[in-house]
Amino acid sequence: MDAVSCAINALSAQAPPKHLGGNNVGRKSVTFPKDIWGDYFLKISPNEEKLDSWRVRAKELKEKVFDILSCAKGAEQVHIIDALYHLGVSYQFEKEIEEALKNMLTTYNDDTSTEDDLYTLALRFRLLRQNGFHASTKALNKFKDAHGSFREDLASDVMGLLSLYEASYAGTVDDLILDEALAFTKIHLKAALPHLDSHLAQRVSHSLELPLHKRIQRLEAREFISLCEKDDSIVIKELLEFAKLDYNILQALHQWELKELTKWWKKLNLVGKMTFARDRMTEIYFYVSGFFFEPQYSRGRIISSKILAICSVVDDEYDVYGTLDELQVFTDAICRLDVAAMENLPEYVKPLYEAIFFSLKEFEEELAREGNAYRVNYLREEVKNLCKSYLQETKWLHQRYIPTLEEYLLVSEISSTYTVIFNGCFVGCGEIATKEVFEWFQAFPKLLSDSARIGRIADDIMSCKFEQSRGHCPSAVECCMEEHQCTKEVALGNLDGVLGRAWKDMNKACMRPTPFPMEVLRPIVNLARMAEISYQYEDGYTFSGGKTKERISMLYKDPIPV
């Protein structure tokens, strides 16, 4: 039995908690906003002639960008690599960037000169850290005064401040100087903001709202390309043209995937049969593609989106519709996952059980042709763990029990669906999805736990008001308030500290040497980034008509004019 299952079973087996109340929680009445995309992606037809011409031109430009990157040295090379990340095309030059960063690390850690300005040095540091290289913070000391504080004359170097601000989020718990850097840069960037030109003010405001380290690359690319179109001094012309074409070519692939998923979802008609549930196929794909956008992960995105769409209905079955007795029977059936187990289920929930059972069988049959059917067993176990975690949360609601924060997170990190998402994605991946990777996922390593923790707490902070109004198990906010007997404001401050620590621990876990390559680790961090994005303004999944709709339009609906 895996570590997650053992922990949930242990909690479930505990004697009833002290804070028992009435046990009469019945069905809840909740009306979720309707699906806003409908058949939109079914109707999209790519212009193959235009796509072919884009591919030909992109191939030519890629060679030119390769030459530019290969010839660049020193600070110029640093700026080009940074531009590749901002423009969303770094994945096209991974080997070249890796080699450049290895060389950069040697000169960075050995260099005691004062050649680099604040902007370039902080940028070197961030690029190295975000790729898992242990760049020292000692070089930043040259920007401090005799009293050990950052020099006040740096306040006039806005680009340098912005670069240091972004770099400060790549720190670990041991990097105290980066905490100082964050506080220093925040104060001076906010003070400078009213006096900046519109383009620079936009960049600074954007970063103060959500730092680059917490943004997803694909959205950043769209926004950065738009910024570069307004200011042609930011990047080289050929690089910008290549980024636009690459964006549109990849968008066409994502549109095709959404079309296939929409067809499948409409045919399944699960929400039509279980009308209490949220209908969010497009939003689920947005979430999944946020941490795995590259073309080689197409099948992984499709499989993960399918199982997550079904699990979203499972979530609503536990949260808003099923009675405790029904949910216990459903959980028992899921733990068996065979056709015979369906006989004892209420009629209304059988379509949901069938969707889980037959989708997993479908994945298994597809992967059997490659000799990888064993992967689906790991996904199957995580679906079982997910339902166990949902049931435990439902029991807490019925018992009127408020667990400690750590007790709550032990369960809710699983109910966040992160383990299902990752297993679903890697089930459909290529050679990087080894048995060792699945075993590592099943052990629920700290990196995955921290990512799930960020997702759960970000969700709870934004969602607790709506969820508590309809009857929901306690959120992280309520758990923290009860445990520490504090106000909501104090609890939110405590949780902000938990989030900050989780980010720093993830940064440390990605420092080389690592148990697996960055291709395995980076998506875990990206999922935490998706949580920051999704709950930045509201619960962008449940209420998807605002910023989420705007972002989906940017990513999958509207190509960049070229």
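Heads up, the Cβ atoms here are built off N, Cα and C, so glycines get one too.
Quick look at what Swiss-Prot annotates:
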type	residues	note
BINDING	Asp315, Asp319	Mg(2+) 1 binding site
BINDING	Asp315, Asp319	Mg(2+) 2 binding site
MOTIF	315-319	motif 'DDXXD motif'
BINDING	Asp459, Glu467	Mg(2+) 3 binding site
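Mapped onto DSSP helix, strand and coil, the motif 'DDXXD motif' (315-319) counts 5 helix, 0 strand, 0 coil. With the fewest other Cβ atoms inside 10 Å of its Cβ, the least crowded of the binding-site residues Asp315, Asp319, Asp459 in this structure is Asp315. Mean pLDDT, taken over the motif 'DDXXD motif' (315-319), works out to 95 on the 0 to 100 scale.
Rounded to a whole value, the Cα-Cα separation of Asp319 (Mg(2+) 1 binding site) and Asp459 (Mg(2+) 3 binding site) is 15 Å. For the pair formed by Asp459 (Mg(2+) 3 binding site) and Asp315 (Mg(2+) 1 binding site), distance between Cα atoms is given as 14 Å, rounded to the nearest Å.
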